[in-house]
Amino acid sequence: MQELLLEKGDRMAEEVMTETESSNFSVLEWICKAKNMALEAYKSKPISHWILLLLSSLGMLVAFPASSLLSRVYFANGGTSKWIISWAAVVGWPIPAFILFPTYIFNKTRPTPMNLCLFLSYVFLGFLSAADNLMYAYAYAYLPASTAALLASSSLAFSALFGFWIVNNKLNVSVINSIVIITAAMTIIALDSDSDRYPYVTNSQYIWGFVWDILGSALHGLIFALSEWVFIKFLGRRSFHVVLEQQVMVSFFAFVFTTIGVIVNNDFRGMAAEAKTFKGGETAYNLVIIWSVITFQLGVLGATAILFLASTVMAGVLNAVRVPITAIAAVIFMNDPMSGLKILSLVITFWGFASYIYGTSSGTLPKQCVFAAAAVRTMNSGRFPSVLGR
């Protein structure tokens, strides 16, 4: 009987070690793949490419968080118009246009031929973008910047779902896992609503801010999927000037729709009165609006360049890093409340982003990676504890 128990115990130990070795094998494969891809990519591009990529990355990691914080600064210091802060996000549409026009001259390219279907798709995407900006404006009016940024990260999950339904993007286990994880992070924030609600924000306003942020994230994911569908259906090619053309056209129509909303709501007339009551005076008010315009467009240009210079995976990585940067900056510069549950939500959100990136970057590996992983398996078979982990 004792010998039988010992035999079963040995079998269980061997099974556990086999599972551990398999996990170590896959992790090392992924690490080797990332290392080799990075080295090959670095050698294949000139130094100017990497300088531009660095500047574009800084555009995403600095400009987008700054734009989010400025939206919160606007509302925290006396700003009340959701239409005005939405308008500030799109009024800078000529900035990418000024960068687009020289590409036709220096790269000797021609504008993409416009047809009715492409024109209508730009109009529709512009309308959705205007609605998306307005939803986020309501969110930042009632929520702390750190909370709004964490909730907005759910757009990744919606992008994956809409991409699956609209353009038949694949959903593997890691991507589905990321959707579940990010949803759990949003639930934690909802359960922690009492700890970060501003005293002047009612419970009803906080709930609506939460709802508008989630709806804005869902619409953001839909816009990404539809933009990809437009490329596949009408453009059929990806280049920097084509991506920039789409951004300029969509931003222009978003500007048109938002301007109509501002005029109907009589918010242009109210800007002068709002500036007088703004904390810091008219100068501070104008600076907030101007820098909101500049930072948002710099972030857009950075994201556009990342998609062209690198990949959607790198854009996803930077988007993941942008969330904690925004949250931490909001705590440092705006004294946002940061409870234990919100920190847990931040960690889980980052985990969800990592799972998504791992799932979208999986593929075949160089032979040397397989050999290295096999060597580690051999060492681990000698019952040494593994130093690798997720």
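Each Cβ is built from the backbone N, Cα and C atoms, and glycine gets one as well.
Any TrEMBL annotation is an automated prediction that lacks curation.
The transmembrane segment annotation in TrEMBL covers 47-64, 84-106, 118-139, 145-167, 174-191, 206-231, 243-264, 284-309, 316-334, 340-358.
Against the transmembrane segment (340-358), stretch 174-191 shows more Cβ pairs under 8 Å than any other of 84-106, 145-167, 174-191, 206-231, 316-334. Using a cut-off of 8 Å between Cβ atoms, the transmembrane segment (84-106) and the transmembrane segment (316-334) share fewer than three residue pairs, counting only pairs 6 or more apart in sequence. Three or more CB pairs closer than 8 A are found between the transmembrane segment (284-309) and the transmembrane segment (47-64), so contact between the two stretches is assigned (pairs 6 or more residues apart). Same-chain residues lying 6 or more positions outside the transmembrane segment (47-64) and placing a CB less than 8 Å from one of its CB atoms are 295-296, 298-299, 301-303, 305-306, 309-310, 315, 318-319, 321-322, 325-326.
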